[in-house]
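Visitor: Here you go, one structure.
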Amino acid sequence: MMRHLISAADLTRDEAVLILDTAEEMARVADRPIKKLPTLRGRTICNLFFEDSTRTRISFEAAEKRLSADVINFAAKGSSVSKGESLKDTAQTLEAMGVDAVVIRHSASGAPYRLATSGWIDAPVINAGDGTHQHPTQALLDAFTMRRRLVGRDAGLGQDLAGKRITLVGDVLHSRVARSNVDLLHTLGAEVTLVAPPTLVPVGVETWPCEVSYDLDNVLPKSDAVMMLRVQRERMNAAFFPTEREYSRRYGLDGERMAKMPEHAIVMHPGPMVRGMEITAEVADSDRCTVVEQVTNGVSIRMAVLYLLLGGNEAAAAHPSPTTTLERGATRRPSATEESK
Ligand code: NCD
């Protein structure tokens, strides 16, 4: 297992599958009355959020607390960053306080990489979204959701997403979620198609491991999962499409369009949704839409990532599948989901 999690592209197939399998174990904890494991007791994790976030920040915090870590929340607003403090100074302050891991979200692409490779800080760095670059734990929770729904909860263990056809629709240009998903889904053997207006397709997309289409209606019947992306108006400094109505008409998902998908196919969205823009309320609230499930799964994925980066390295090396370890019941090290005594 690597030391940091900066990009979904850094994960091998086996590492990604290990994270998904570990997350299945973590999910069992959420089914218990007491949702807590002693795994990271005595470790301190700092959540460094330089950019707005609701679900990702809460999700990391829930994951850290369920693993019994001590949590420090740092939001740039109200901190010395607004007095002009640099990332380097902030990092050195955290290092001086002895944090064991840093979760960082930043509006600048590359900030987590800089933090991980600068030598300013010794702790593992987990990217919680940087600019339009990467959001690896989002891609992992999406893959987890797809594997559960399209392969099966138990049947999925040890499996990847080979042959699954996944369609990502909308503002690909500004989407770190799209970039992370294309990388991870490709590694997991899925076939990815991007659908977007030509103005929202990034330059250089031909080098990405996916197909590009401008015709949503044509792609829907051949999709096992359709992921709608938010139109990121806050990152747009120009007019990328004529009107919202025109956008919705061509690239939005409504009930009529959803009916073109195969019966088993699911609709996904990373949130926050702009209802009426990329997705109608009818679709967002339908049984086929996994948006709420994705949030639940996000906590299990982040627990798995924290466990593997902070506590589980030796365990993972000694026992390639933590699940088998659990089933065998005998471990020299306490396993990830052993109850607090
Ligand atoms: C996404 C993000 O912030 O990258 N949201 C999320 O993490 N759940 C996508 C978005 O903002 O549209």
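Keep in mind that glycine also has a Cβ here, set from the backbone N, Cα and C atoms.
Annotations in TrEMBL come from automatic prediction, not curation.
Copying in the features that TrEMBL gives for the protein in this structure:
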type    : residues                                             : note
DOMAIN  : 3-147                                                : domain 'Aspartate/ornithine carbamoyltransferase carbamoyl-P binding'
BINDING : Arg55, Thr56, Arg105, His135, Gln138, Gly271, Pro272 : carbamoyl phosphate binding site
BINDING : Lys83, Arg176, Arg230                                : L-aspartate binding site
DOMAIN  : 163-309                                              : domain 'Aspartate/ornithine carbamoyltransferase Asp/Orn-binding'
REGION  : 317-341                                              : region 'Disordered'
Visitor: I want to check the contact list for Lys83 (L-aspartate binding site): same chain, sequence separation of six or more, C-beta distance under 8 angstroms. What comes out?
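Guide: In sequence order there is nothing to list, since no residue at least 6 apart has its Cβ under 8 Å from Lys83 (L-aspartate binding site).
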Visitor: Take the domain 'Aspartate/ornithine carbamoyltransferase Asp/Orn-binding' (163-309) and count its residues per DSSP category (helix H/G/I, strand E/B, coil), listing them in that order.
Guide: 63 helix, 24 strand, 60 coil
Visitor: Mind checking how the domain 'Aspartate/ornithine carbamoyltransferase carbamoyl-P binding' (3-147) divides into helix, strand and coil residues in DSSP?
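Guide: Its residues fall into 67 helix, 26 strand, 52 coil.
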Visitor: Calculate the distance in Å between the alpha carbons (Cα) of Gln138 (carbamoyl phosphate binding site) and Arg230 (L-aspartate binding site), and round it to a whole number.
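Guide: About 14 Å separates the two Cα atoms.
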Visitor: Round to a whole number and give the Cα-to-Cα distance in Å for the pair Gly271 (carbamoyl phosphate binding site) and Arg230 (L-aspartate binding site).
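Guide: It is 7 Å, counting Cα to Cα.
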Visitor: Just jot down the residues in the same chain as His135 (carbamoyl phosphate binding site), at least 6 apart in sequence, with C-beta under 8 A of its C-beta; none if empty.
Guide: Thr56, Asn127, Ala128, Gly129, Arg176, Val177, Ser180, Pro270
Visitor: Here the binding-site residues are Arg55, Arg105, Arg230; which one has the lowest number of other Cβ atoms no more than 10 Å from its Cβ?
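Guide: Checked Arg55, Arg105, Arg230; of these binding-site residues, fewest Cβ neighbours within 10 Å: Arg55.
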Visitor: Rounded to the nearest Å, what's the C-alpha distance separating Arg230 (L-aspartate binding site) and Arg105 (carbamoyl phosphate binding site)? Just drop the number here, would you?
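Guide: Spelling it out, the Cα of Arg230 (L-aspartate binding site) and the Cα of Arg105 (carbamoyl phosphate binding site) are 18 Å apart.
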Visitor: Excluding Arg55, Thr56, Arg105, His135, Gln138, Gly271, Pro272, which residues of the same chain place their Cβ within 8 Å of the centroid of the Cβ atoms of the recorded carbamoyl phosphate site?
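Guide: After dropping the recorded site residues, what remains is Ser53, Thr54, Ser59, Ala128, Gly129, Val177, Pro270.
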